[in-house]
Amino acid sequence: MLNFELLKTDPDSHARRATLTLNHGKVQTPIFMPVGTYGTVKGVMPRSLEEMGAQIILGNTFHLWMRPGLDVMQSFGGLHQFEKWDKPILTDSGGFQVWSLGAMRKISEEGVKFASPVNGDKLFLTPEVSMQIQTILNSDIVMQFDECTPYDTKGHITTEAEARVSMELSLRWAKRCQAEFTRLQNPNALFGIVQGGMYENLREESLAALVDMDFPGYAIGGVSVGEPKEEMLHIMGHTPHRLPANKPRYLMGVGTPEDLVQGVADGVDMFDCVMPTRNARNGTLFTRFGDLKMRNARHKSDPQPIDPSCTCHACAGTSGVSWNDGGREGFSRAYLHHLDRCGEMLGPMLTTIHNLHYYLNLMREIREALDAGTFTEFRARFKSDRARGV
Ligand code: PRF
Ligand code: ZN
């Protein structure tokens, strides 16, 4: 089941504030969903995710099919019990992950044939198999199996004719997903995915055909696939607000803090991205006043926390009182720099908590601004704060 209740719309942009109710609970939107590919948000315990205010997390059909496999998933009654997360879960269909295998795969009308990157077994992922796997995972939001149209292949930019072939295949797969999802009597919600590359007319055709199929929610796929930033912003400005106003809209795999704020203004309700978690492990940290490179030698003896205004466990310790408000329990930049240099596990655990807290808190501030009718002012302040520099 899925219920989407619009609470407020911003008069100056396409932004909306809503409550999304799923089988495992309610989600306040706009929302960022941390990525938990293998049934874990890398290095973060579920209780920390809850503490940070995560409301829904991602899982991946493709990876969980490879390992631990469906028999284990079935014996646990789904992904929630296996990973000990009892709030909503969204699973991606495998379309994008198979696409990322590059030369290792062969796409046909029926589905995608590929060799398992784990043990070399020959595998065949189809719209039906993706629905069967996601039904076993029992994710609250199931994504259709699609083909993510590449922006370019070895320097050759995808033409309109090529993007059309790919988009139309995804539409036929959407129909097959819907039929199989219904046949399986899956009690959750299936989202269609708009494709069409960088071509407005193809995006509009894809969107219209998916709206005809009447999905309970819609995603925008095929962006953030290596295209120039302007192209991505162009599609973000074009597609989301054309989707039905009474259904949730999810922009897949996006993006930076700036992209999230712009995406909300463009009418997007849900985002996911590996950026906060992956960047944390590489030492790039997000703060109110810009990004911080933890590996830089200038942090070697700095007693300040990552972000003195942050109340996360890394910056404020268990007190939750930020450095700026007199808290002194947080971990210093010097210590985090040291943990990174020594390859200590605690380093990426703390930086991941900070980055996720930053993303989740940013979305909370956006929701509060929408509730208060001050989103325009919020956007201006966000922009000038981030440009200030740390
Ligand atoms: N399709 C699917 N998953 C995705 C994408 C897509 O196009 C993207 C594109 N950024 C990320 N994840 N199924
Ligand atoms: Zn922090």
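Placement of Cβ uses the backbone N, Cα and C atoms for every residue, glycine included.
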Listed in TrEMBL for the Zn(2+) site shared with CYS310, CYS312, CYS315, one of HIS241, HIS338, HIS354: HIS354
Annotated range (TrEMBL: region 'RNA binding') out of 78-84, 134-140, 253-259: 253-259
Candidates GLY120, GLY222, GLY226, the one TrEMBL lists with ASP92, SER93, GLY94, GLY95, PHE96, ASP146, GLN195 as binding substrate: GLY222
Of 277-281, 317-321, 322-326, the range TrEMBL labels region 'RNA binding': 277-281
For the region 'RNA binding' (277-281), distant same-chain residues with Cβ under 8 A (at least six beyond the ends): 34-35, 41-43, 348, 351-352, 354-356
CYS315 (Zn(2+) binding site) to ASP272 (active site, nucleophile) - Cα separation in whole Å: 24
Extra residues within 8 Å (Cβ to Cβ centroid of CYS310, CYS312, CYS315, HIS354), Zn(2+): PRO305, ILE306, ASP307, THR311, HIS313, ALA314, ALA316, GLY330, ILE353, HIS357, TYR358
Cβ-centroid neighbourhood (8 Å) of the substrate site, ASP92, SER93, GLY94, GLY95, PHE96, ASP146, GLN195, GLY222 excluded: TRP99, MET143, GLN144, PHE145, GLU147, CYS148, SER170, ILE193, GLY221, MET252
Secondary structure of GLY222 (substrate binding site) (DSSP, helix/strand/coil): coil
Cβ packing number for CYS310 (Zn(2+) binding site), 10 Å threshold: 23
Distance [Cα-Cα, Å, rounded] between HIS354 (Zn(2+) binding site) and ASP272 (active site, nucleophile): 17
